[in-house]
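S.K.: The N-linked glycosylation site annotation in Swiss-Prot covers 34 and is backed by sequence analysis. Summarising the annotation, Swiss-Prot assigns signal peptide to 1-28. Annotation comment: Swiss-Prot describes 29-98, 156-166, 246-263, 326-370, 474-480 as topological domain 'Extracellular'. Per Swiss-Prot, topological domain 'Cytoplasmic' is recorded for 120-134, 188-224, 285-304, 392-450.
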């Protein structure tokens, strides 16, 4: 309580509130099961039997008399005309779905994490505490960890199938994105201002005096190489995680545009949401964003060019707005996915021959049973990007205010003060202080700016590439 004070009380209150309100009030459940989404119900066996022209014998004696003691599975013509009934998607129906509880807990935790962050921002703005730890950082870091866990949980489904097609796609794109991640790191800061080079330089400046005192200065190049390799591996994992969500997003985007043919405003929002990763890439492309804004010919127009700090704040606001826009069009995408059941049945009618009734029912049910996985694939990249943006503002020393002067970074502590010089002190305390000094020299604001900006930019790049590949796949490869 003495260390965190009000923030600890708010954290405990939020955790209790999340636990108590989950059965009664849940944003995740409202987003999916408020009644605006509808699902298709598969035809019953009696309906399909009536379409096939075969009536089921009612008594066992009659079945033996007709030689049906070894009854074959019911089959119907593929072009049989039957209607799929619809019903609203309710919470009672969703409780039996796989990963629904994980989906509800993860999305609700992300919402409460944003709530804690908003409170701490208001708390720091009003009171301005100096010696308190910002507990919203831990909430955001936990949300990032849970996002990676959800990615692993969903991607593991593709590795557990008997067919190796999905597994091969994940591994192939993981290798491709590994190469691209290494190429991105060698792009000059004049082109892509992610801040990796200034961040590594700041880390080197702070760590070098500490490592020299311990005769560990030879590890400095190894640390820099390990950081770059770690970023490349992280980029490869994110690429493998986002390839199938990108393919799914491309399909639901096309279907959502078809369903909203008479709603031009919704189509505009869908197009803007689909291209939002491209806007994120532009925000860190210096010739496109910053240089164009500062060096564009103004002619007779009079307007004030934003400062460096104002541009950084504007970039944060744009990222938050793009995340909210993608959240706003969640239901059109989910409804477009649920309508795949009808599309699969209509595609079945174009084929010749017969098909088992059970397979027809499975084609319809599989779409509904997979809706929570599709929801996680859609929302997890959004949650990851949003919380990285919040961390970028806090740990990177930025400000939400579009002020004319950039906010000053916190002064760095001298390296001599990070290591105790009292020889009579406890050896364990000295070791802990040395580790804290190394971590303090490593996690500088400039370094954290570069790391978080890289994650945000790379997530957007993976989403854009995978969704564009999905458009090409569904329009050309899948059709053929």
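Just so it is clear, glycine is given a Cβ too, placed from its N, Cα and C backbone atoms.
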S.K.: Take the topological domain 'Cytoplasmic' (392-450) and average the pLDDT across it for me.
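M.R.: Over the topological domain 'Cytoplasmic' (392-450), the predicted model scores a mean pLDDT of 68.
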S.K.: So how many of the residues in the topological domain 'Extracellular' (246-263) end up helix, strand or coil by DSSP?
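M.R.: Residue counts in helix, strand and coil order: 14 helix, 0 strand, 4 coil.
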S.K.: Around the C-beta of the residue listed as 'N-linked glycosylation site', how many further C-beta atoms are within 10 angstroms, looking at every protein chain?
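M.R.: The Cβ of the residue listed as 'N-linked glycosylation site' has 13 Cβ neighbours within 10 Å.
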S.K.: Which bits of the chain, at least 6 residues beyond where the topological domain 'Extracellular' (156-166) starts or stops, bring a Cβ under 8 A of a Cβ in it?
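M.R.: Non-local partners: 244, 373.
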S.K.: Report, as numbers and ranges, every residue of the chain located at least six residues beyond the topological domain 'Extracellular' (326-370) whose Cβ falls under 8 Å of a Cβ in that stretch; write 'none' if there are none.
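M.R.: For the topological domain 'Extracellular' (326-370), the nonlocal Cβ contacts are 31-32, 36-43, 45, 48-49, 52, 73-81, 84, 89, 97-98, 248-249, 251-256, 258-260, 266, 269-270, 273, 276, 378-379, 382.
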